[in-house]
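Here is what Swiss-Prot records for this protein:
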| type | residues | note |
| --- | --- | --- |
| BINDING | K639 | ATP binding site |
| MOTIF | 47-57 | motif ''HIGH' region' |
| MOTIF | 636-640 | motif ''KMSKS' region' |
Amino acid sequence: MTTAHIDAEYQANAIESQIQNDWENRKAFKVADTVEGKHRYILSMFPYPSGKLHMGHVRNYTIGDVISRFYRLKGETVLQPMGWDAFGLPAENAAIAHQVAPAKWTFENIAYMRDQLKKLGLSIDWDREFATCTPEYYHWEQWLFVQLYKKGLIYRKLSTVNWDPVDQTVLANEQVENGRGWRSGALVEKRDIPMYYFRITDYAQELLDDLDTLKDGWPQQVLTMQRNWIGRSTGMDITFPSANPEIYADGLTVYTTRADTLMGVTYVAVAAEHPMALKAAENNPELAAFIEECRMGSVAEADLATAEKKGMATGLFVKHPVTGEEVPVWIANYVLMSYGSGAVMAVPAHDERDFEFANKFNLPIKQVIDAKAADDAEYSVTAWQEWYGSKEGTLVNSGEFDGLEFQAAFDAFLAKLEPQGLANSKVQFRLRDWGVSRQRYWGCPIPMINCDSCGQVPVPEEQLPVVLPTDVVPDGSGNPLNKMPEFYETTCPSCGGHARRETDTLDTFVESSWYYARYASPDFTGGMVKPEAAQSWLPVNQYIGGVEHAILHLLYARFFHKLMRDEGVVQGNEPFTNLLTQGMVLADTFYRESESGKKTWFNPADIILERDEKGRIVSAKYSGDGQDVVIGGQEKMSKSKNNGIDPQAIIDQYGADTARVFMMFAAPPDQSLEWSDAGVEGANRFLKRVWRLATGFLEKGYAQAPIAAELSKDAQDLRRKTHETIQKVGDDIERRHAFNTAIAALMELLNATSKFEVQTADDAAVAREAIETLLTLLAPFAPHLSQTLLAEFGIDLIAAQFPSVDESALTRNTQTIVVQVNGKLRGKLEVSVEISKDELLAQAKALPEIQQFLTGPTKKEIVVPNKLVNLVV
C-alpha cells in the first residue's frame, strides 16, 4: 500500500498547485533587507510585460531558479527577486491599437504573467516585486538625473533625428522602412531637436579597465563585444591647412589610427554638416541639394557601412601637411559629423570604404605600404585588404619615410609635424555619449523645466517625483503630454516666472540600468537603495540573461553602478560578479508561399507530422485543411515565424516540473536549445519513473535504519553510485553550470536504484539513502515532485540540506577486469583491488569461458593494472 495521502500515479497538476500554495503560505523564499551569514543574490533579467511568457522566459527563469535552489540547499540565504520592465513603446502601440491607457494594458499583462511565473514554481521573494512605471520607482531615477545634471554628467544638445511629419513623432532607425514611417507611411524628415545626454564617455576608460576584473565570471565573448564597443584607439590628430583661406580659413583636423598611411592620402572626406561643406555650398545650389539629400539619409552607423557610397567635390582644397600638395575635399555620405571631427583622411589603397569611393569617382589610389617593402608591387583591386589588414608592412612611395614600419612611421610623422602644430598623439574611444531623450508618452518624465529667462532648470528635489499622468489614451499623433497644459505648465524654480515642463521621457534602458539595486530594498523611501541593504546584497553574485543584451543593457548597467557609487549610493565598481548568457530556444517552422512570394507561417501546434524510424520529419500537413506545408527548419521562436510554443500549454499538459527538466536537460544553458515534443515526453517519463520508484519503496514499509558497516557488493555499488552522483551534480550545477549532465547523472542513479533488489534491512537502508539523495538532488530542477515525495520520507525540502559526500563510500574494494584472448573480449573478472599480478593471471586463465581458447602455448601475457588481461596464444 502507498501512504494514505499520496497517489501511486504521478499527478503533476494536483501536487504543483498544492506545493505552490504551501510556499506562499510559509513565505518560503522571503529574505530580509540585511542578512548575516552566507548569502547570495541570483538575478535573471526582468521581463517586459508583453502579455504572455514565452519559452525564452521559461529557460531564463528556470536557470536562475535551479542555481537559487541549489544554494539554498547548501545552507545559504538566497535573494531571487522579480519585477517588470514596464515602460516602453510596445505598450504605447498596443494602447493605440486597443484604445486603452498604456498603464491599464501594462498592469493587466503583469497580473497574467505573474500568475504564469508562479505556476513555473520559481523560488522568488514576491514581496520585492515592483514595476518600473510606478512613481515609487522612477522617483529615484529622477533624483539621480538631477544630481548628475548638477555635476555636468548630463547635458543638452541638438541632435539629428528621424521625424514623422504625420504622426508628429520621432522614430528610431528601425521604425523607418524604405525612408517612410512604419505606422503612417509618411516620408521621414531629418530634424535637429534638443536632447539630453549622459556623459558615458567620461567613464570610457574605467568601463574598459574594469572588464579585466570580470574575466573569471563573464563569458569571454561578452567581454570582447564590450571592449570593441568602447573601442579605445591610440592615434593622431593631423591638421591639413586650408588651401583656400579666403573662403575657409580653418584647416581640417582628422583623427587616424593609421598615421603610417599619411603619404597615401589622395582626398579628404567631410560629413555633409561639416562647416567647410556648408561654407562651400553657400553659392553652389547643386552642393546644397546634395548636403540636404545626405541629411535625409539614415543616422545609423551600421546603415552607413553598407549604404551606397555617395559624394560630391566641394571645390575646396587643403594642403598635405608633409608635402604641401593640394588635396581635394569631398563630401561623403559615409562620414558622420558626430564621429570625431566629421572629417577623415582618405587612403584608398589601404581602406575599403575609401577604395570603393575612389573607384566610383575616379580619384587617385596610391599604395604606401607593402609587406615585401618593394616599390614595384602591382596594385590590384583585392590587394588593399592584404596591405591594410596588417600593421606589419613597410612604407613605400613615402619619400624620406620609406622603409619604416608602423610604430617607427607613427613616431617619425609625429616628430616632424608636432613642432609645426600640425599633429598630436591622441587616445580616442568609439563609445559615444548616451542620448536618453525620447519623444514618447509612456516613459519616465525627464525632471527638467524650460524657462525663457533661466534656460534649463532641474526640478527641485522636494518636488520629485514628476508624476506621469496614467489615464491617457494616446492616438499615435505625437506625444500626448504636449497637448496637456495641466502637465507642462509650471513655474520656474529659479525666477518664479512662467515656465514649461520637459515633455520628453527617458530611454527605457535607464530603468533597467539600476533595477538590480532597487531589489535590495524596494520599499525604501529615503533614496535609491537603503545603504545597509546595498551593503548586504550587492553586487549581484549571478546574473542570467540573453547574449543579445551583451552590449547596451550590460554596459549601461555597469555605467550606472559607477554613477551610483560616485553618489555614495552603492559600493564596489561592478554590478554583476558572474554572468551566464543563455542560448536561444529554437523550434520547427512551417509555411506556405503564395505566388507573389509572401509566406504564411503556421504554428507547430497546428501541424500534423509524419516521421521516419529515426524521428526525422518527412511530411507536414496543416490540421486546418489536411494539405501539405513546407518544412522550414528550426529557427528562434518568434512571432514573425509563428513558431512559439505556449509554455502554459506544456504546463497544463505535463506540469511545470516536466517543462523545467526538459529545458535544463535538452542543451547546455549557453547553447541554443532545440524544442522537441519527444524530449518533453521523455522528461515526463523520467519524472514518472522517479515517482514510481519512491512510492514503490514507501509501499513496502521498510523500517528506517542506519547504513551498516558491512554491505553486500551490490549495496556497496549503489552507495558508491549515490555518492558519485552527489559529487557530480554539485560540481555540474555550481562550477560548470552543466545542468544537462547533472540531470543525466540523476537518470543514471535512477536506473541503478531501480535495478537494485532489496533483500535485507541493510539493503533497504542503502536504497532509502539513494532515493532520498535522488529526490534532494532533483529538487532544484523539479521542486514540486521532490518536495511532495521527500515529505513522505519525513524530510521538509525547504529546510533540507544538500547531501554531503561520504568519501568512504567512494572507495572500491573490488574492480572489474576485462579478459581478452588475442585482443578480443572473452570474459570479465571481479577481483580485489589488492590482487597480485600472478593471482590475477591465474584467475583469468581459470575462467571456463577463457579455457576453451587456451589450447596452444601462451606466447605473451599482458596485464594493464586495474583494467585488463590480454593472453596472446
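Backbone N, Cα and C define each Cβ position, glycine as well.
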(request) Residue list, the motif ''HIGH' region' (47-57) vs rest of chain: Cβ under 8 Å, 6 or more residues beyond ends. (result) 84-86, 88, 90-91, 106, 109-110, 112-113, 116-117, 120, 131, 546, 584-585, 587, 637, 644-648, 663, 675
(message) I'm checking region-level scores; what's the whole-number mean pLDDT for the motif ''KMSKS' region' (636-640)?
(response) 90
(request) May I have the DSSP-based helix, strand and coil counts for the residues of the motif ''HIGH' region' (47-57)? (result) 3 helix, 0 strand, 8 coil
(request) Work out, from DSSP, the number of helix, strand and coil residues along the motif ''KMSKS' region' (636-640). (result) 0 helix, 1 strand, 4 coil
(request) Under 8 Å Cβ to Cβ from K639 (ATP binding site), same chain, six or more residues apart: give me those in sequence order, or none if nothing qualifies. (result) none
